[in-house]
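This report refers to the structure that appears directly beneath it.
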Amino acid sequence: MPPREDPNGGASPSEPAPPQPAKAKGKKKDENKDDDLSEEDQALKEQLELYVVRAQDPDPGVQKLALESMRYLPAPDDMSALKIAFEIYMKFGDFANALRIALLLYDKSLELKPIFTATDDFQLKKQFAFIIARHGLSIEIDDDIAADENEKEALQDIISNIKLSEGYLTLARDIEVMEPKSPEDIYKVHLIDGRGATSSSLDSARQNLAATFVNAFVNAGFGQDKLMTTPSDSSSSGSSGNWLFKNKEHGKASAAASLGMILLWDSDSGLAQLDKYLHSNDIHVVAGALLGIGIVSCGVKSDCDPAFALISEYFSRDESIIRIGAILGLGIAYAGSQKEEVRENLTAFLTDSQVPLEVLVFSAISLGLVFVGSCNEEVAQTIICVLMERSEPELAEPIMRLLPVALGLLYLGKQESVEATAEVSKTFDEKIRNYCDVTLMSLAYAGTGNVLKVQKLLGICSEHLEKGETHQGPAVLGISLIAMAEELGAEMAVRSLERLLQYGEQNIRRAVPLALGLLCISNPKVNVMDTMSRLSHDADAEVSMAAIISLGLIGAGTNNARIAGMLRNLSSYYYKEAGHLFCVRIAQGLVHLGKGLLTLSPYHSDRFLLSPIALAGLVTVLHACLDMKSIILGKYHYMLYILTLAMQPRMLLTVDEDLKPLSVPVRVGQAVDVVGQAGRPKTITGFQTHSTPVLLAAGERAELATEKYLPLTPVLEGFVILRKNPEYHED
């Protein structure tokens, strides 16, 4: 590599010259050589070490070079580069960056414990715990990580996300959005010309169901709303009991479960308020309460495991709806935990031939969520047996298409590990064989950016098939799943999907809006927004409904005014179409998710890390949306609550060493790619200075605007612990 030069042309007097590798070091090279590295890897490692030595400025461009170049290396060189980068970060004491790589590579080969044991700094360990909690991993803190009991408990609380609700409400109070909102505040019917008010003639139960979802999405995590939680000073007409019974049958299940979303992450208060519904005589209300318990416990762990204790009592009930509520609740509460007790309970349903089909499918989905990315052979074998044993008419049922999704979730992002299972899937009944094959491949390579797999999926989409073949839908979703790994791939995928819209068969066109929604989730890009607006008026009902839902997905949690305006116009345009109007309402709720404080994006840590749990939730819901009429518009609308797995506050909350909120000035602006640039280039552009806590939109980055404090992590997102700078002196 050529030596770095000062961008201004000459040597910078303030910057020390980059240290040259001393000749004496060359003699020791053989001693330091790693036996398990090839010569090529060894050369790469030495080159990268030289960068890090030279980057003690620290120079963000050089520091990121190894990590960013990894995206363009073929397998398995990309993993080798990451492991080398991990070793170098550990060697130079940059433990926070080492942890990010360890989470990216998280498997048995790279444990997290050595990062904790490499430092005695308790504050740094707390910061590590916040990063792990945001990623959604549940790890046990043992004596090696923290010997002191109080320290151990403090770290376990952070990893268990006990602080999440408190931090989220701190942000809400600071931005002054604590006031509950009603669905009418979101619909803004008074802004619609003409036909807005006449839609009341439609099915009121479906309208109430839509309002339930809108209310849940908008007030998610705030602990209060105008429909389900009863303020002490309100009249009896606003009480939750009344709203609950304005819904019909399975609508009551979604209404009761919505209370779990309103009290999201606050398990103590949530479980207390949901408990009364468990004693109801209405089976749909009980089912909704069980699902609500799962939602309120989503991502929040507890020593006494109240969710499992409460839900598991209801597995023995005969009613299908109660079983589904319990199963789905368990799947959402323990997603990614790989909890053995959950496996034992849910496998029992899969092996019982008397169990109704819908209970079977939801058991498989929940197992897929709990064991996401684990490659668990026992669970995979159980789901494979179900797919082999079912008759042809059963396999033709629309909901059965979620079984391959459940199987694919076990291998999410694990690439070659899926090959043995994919071979077995070739022996399935022809009704589901191709669907299973495509779904397994697209999920196994999700977030990898593998160009060859994208080409293969595009090849599948180019075929003209007989009627009744459904596997091209998952192929379209697969393109965006794989290509979402980095910006360039995502841009190219958007263009490819535009071509599919022009030339593809009808079943491909129905999946394209959902694929675009996944590529730009919580990131409303203008070109994608325009495409969705065009498709939302499509002659094909399935295409237009998918486009409307996707408008909600790309604007999720952004309060985007343009999308909100489009949806208001659509509610007027489709005022006679019950199904379309329901989709419009769901999309309106998503755009105003958490009053604009939440995101559905599975990426975090400066788009470096992909949360498998969040992606699993999105994939499951999108596959359900491939058959909108049978599933989302049918009686399985409560599947929309699986989106809870992807909900996270899009905040930067700075705290002091005692974890008390600490307001400091920060610059927030559009992130600039500075990979490989010399000197200290600006990492953000067009910034504004705010006091924390602040909101971060897609593609934005924050940096401290004061030298009084030092952050304990290089990426300012979520909870960031600040330490006083010992070298700072007030003027």
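In case you wondered, yes, glycine gets a Cβ from its N, Cα and C as well.
Automatic, uncurated: that is what TrEMBL annotation is.
The region 'Disordered' annotation in TrEMBL covers 1-41.
Model confidence over the domain 'RPN1 N-terminal' (69-191) is summarised by a mean pLDDT of 84. Annotation source TrEMBL lists domain 'RPN1 N-terminal' at 69-191.
Positions annotated as domain '26S proteasome non-ATPase regulatory subunit RPN1 C-terminal' by TrEMBL: 675-728.
Using DSSP to sort the residues of the domain 'RPN1 N-terminal' (69-191) gives these counts of helix, strand and coil: 79 helix, 0 strand, 44 coil. For the domain '26S proteasome non-ATPase regulatory subunit RPN1 C-terminal' (675-728), residue counts in helix, strand and coil come to 0 helix, 25 strand, 29 coil, using DSSP.
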